[in-house]
Amino acid sequence: MNSEKRHLIFTRLRDANPAPTTELVYRTPFELLVAVVLSAQATDISVNRATATLFPVANTPATMLALGEEGLKAHIRTIGLFNSKARNLIKTCTILLAEHGGEVPRDRASLEALPGVGRKTANVILNTAFGEPTIAVDTHIFRVANRTGIAPGKTPLAVEQRLLRHVPKAFRQHAHHWLILHGRYICIARKPRCPQCQIADLCEFPDKAPA
Ligand code: SF4
């Protein structure tokens, strides 16, 4: 795909949604970190339902540690993999208090050193909590980037690196959310909604449905 097309695609996505953000409900970097860890293989809706009761009683590392692993599980047991997520979050709280003054660190290495936090989660935190122009490649972005031709790649990391190279600078901050939302609601996995897609004429997917 040429750079002119990419520019047009992001212009349209921006015009339709100038200030996109995550659908996870959070107020602080710590709340976002917890929500993102919980969201692995779970829907944002299910995470929001759990954090609606969790955050009023524990939304800092200290209060979450006080709640304890069993207390935490009681709030998140409707979410997949809740046992390992609870274990990781309690360990994370201990590390945040011991090594980061109870704050969420703003650098990739420290974030990725937290249990249950990989490159994708670190990218979400850096982008959404701290305003860094990172792009976290999840299943939706991976699919949209490959189908459209915006940034094809065989692995999430390859797609991420290509996006960072090719997304025009003006769009890099919000590219992550535009592509996720596009993948979640329009360019869905099984049957993409090409007739309703605002970038259909620019998309290079050979199997797109006719308008
Ligand atoms: S035209 Fe279809 S395949 Fe291309 S981005 Fe839009 S929904 Fe996805």
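Just so you know, glycine gets a Cβ as well, placed from its N, Cα and C.
Keep in mind that TrEMBL annotations are predicted by a computer and have not been checked by a curator.
As written in TrEMBL, here are the features:
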type    : residues               : note
DOMAIN  : 38-185                 : domain 'HhH-GPD'
BINDING : C187, C194, C197, C203 : [4Fe-4S] cluster binding site
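Taking H, G and I as helix, E and B as strand and the rest as coil, DSSP gives the domain 'HhH-GPD' (38-185) the counts 100 helix, 0 strand, 48 coil.
Around C187 ([4Fe-4S] cluster binding site), a 10 Å sphere centred on its CB holds 23 further CB atoms from the protein chains shown. Within 10 Å of its Cβ, the residue among the binding-site residues C194, C197, C203 with the fewest other Cβ atoms is C194. Taking the mean position of the Cβ atoms of C187, C194, C197, C203 as the [4Fe-4S] cluster site, the remaining residues of that chain whose Cβ falls within 8 Å of it are R147, T148, I186, P192, R193, I199, A200, F205, K208, A209. In three-state terms derived from DSSP, C194 ([4Fe-4S] cluster binding site) belongs to a helical segment.
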